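**Student:** Next up is a structure, given as structure tokens.
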Amino acid sequence: CRNGATCQNTNGSYRCACRTGFTGRNCDTDIDDCKPNPCHNGGSCSDGVGTFFCECLAGFRGPKCEEDINECASNPCKNGANCTDCVNSYTCTCPSGFSGIHCENNTPDCTESSCFNGGTCVDGINTFTCLCPPGFTGSYCEHDINECDSKPCLNGGTCQDSYGTYKCTCPQGYTGLNC
């Protein structure tokens, strides 16, 4: 008897009591524990003595490769994106205003024509704000402020509004920016 089997005498012969993992009259045949293949999800089986080992494909784990690894568990998607687990990968579905593999990029909302009259565009998330130069107002700096509304011309001077400024025409005997 081979491979640590126990030999039992019988009348005119012998019988081998094989250890786990062996078979045959003399226990000299290793049982192929990989038949049928116990490994799931495309895992490859390596036979051992009375056991087997599964080599799992990427994306799976467990003694029999039965567990799909959830790549979304590490929260790879940013900015409130939805993560969809795939085999050995994941995909991020970005909310509006974001882009990139992990939704890590704020999509720019400013263009060259976002703000008028020399206003400066400040990008936000799905929005932008215009910082207006002196003399202009409105969400897009589209309105000229009438500087004459504050009545800057004194002593009966006449105010003429202009873009971002004003001019006083002073009556006789008065001079200066505001008469």
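The backbone N, Cα and C atoms fix where each Cβ goes, glycine too.
Automated prediction, rather than curation, is the source of TrEMBL annotations.
Positions annotated as disulfide bond by TrEMBL: C18-C27, C56-C65, C94-C103, C132-C141, C170-C179. Annotation source TrEMBL lists domain 'EGF-like' at 1-28, 30-66, 68-104, 106-142, 144-179.
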**Student:** If you draw a 10 Å sphere on the Cβ of C179 (disulfide bond), how many other Cβ atoms land inside?
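**Tutor:** C179 (disulfide bond) is surrounded by 18 other Cβ atoms within 10 Å.
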**Student:** For the domain 'EGF-like' (1-28), could you work out the same-chain residues 6 or more beyond its ends whose Cβ comes under 8 Å from its Cβ atoms?
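**Tutor:** Long-range Cβ neighbours of the domain 'EGF-like' (1-28): 48-51.
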**Student:** Would you mind checking how many other C-beta atoms are within 10 angstroms of the C-beta on C18 (disulfide bond)?
**Tutor:** 20
**Student:** For the domain 'EGF-like' (144-179), find every same-chain residue at least 6 residues outside the stretch whose CB is under 8 Å from a CB in it, and list them.
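**Tutor:** For the domain 'EGF-like' (144-179), the list is 117, 133-137.
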**Student:** In the structure shown, which of the disulfide-bonded residues C103, C170 has the fewest Cβ neighbours within 10 Å?
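**Tutor:** Comparing Cβ neighbours within 10 Å for the disulfide-bonded residues C103, C170, C170 has the fewest.
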**Student:** Would you mind reading off the Cα separation of C170 (disulfide bond) from C132 (disulfide bond), to the nearest angstrom?
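**Tutor:** Here the two Cα atoms lie 30 Å apart.
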**Student:** What is the separation, in Å, between the Cα atoms of C179 (disulfide bond) and C56 (disulfide bond)?
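**Tutor:** Roughly 90 Å, rounded to the nearest whole number.
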**Student:** Report the mean pLDDT of the predicted model across the domain 'EGF-like' (30-66), rounded to a whole number.
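**Tutor:** Mean model confidence (pLDDT) across the domain 'EGF-like' (30-66) is 93.
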**Student:** Hey, how far is C141 (disulfide bond) from C27 (disulfide bond), Cα to Cα, in Å?
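**Tutor:** About 93 Å separate the Cα atoms of these two residues.
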**Student:** What's the CA-CA gap between C103 (disulfide bond) and C27 (disulfide bond) in angstrom, rounded?
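**Tutor:** That separation, Cα to Cα, works out to 61 Å.
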**Student:** Cα-Cα separation of C65 (disulfide bond) and C27 (disulfide bond), in Å?
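**Tutor:** One finds 30 Å between the Cα atoms of these residues.
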**Student:** Could you break down the residues of the domain 'EGF-like' (106-142) into DSSP helix, strand and coil, giving a count for each?
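**Tutor:** Residue counts in helix, strand and coil order: 0 helix, 11 strand, 26 coil.
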**Student:** Is it possible to list how many residues within the domain 'EGF-like' (144-179) are helical, extended or coil according to DSSP?
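**Tutor:** With helix first, then strand, then coil, the domain 'EGF-like' (144-179) has 4 helix, 11 strand, 21 coil.
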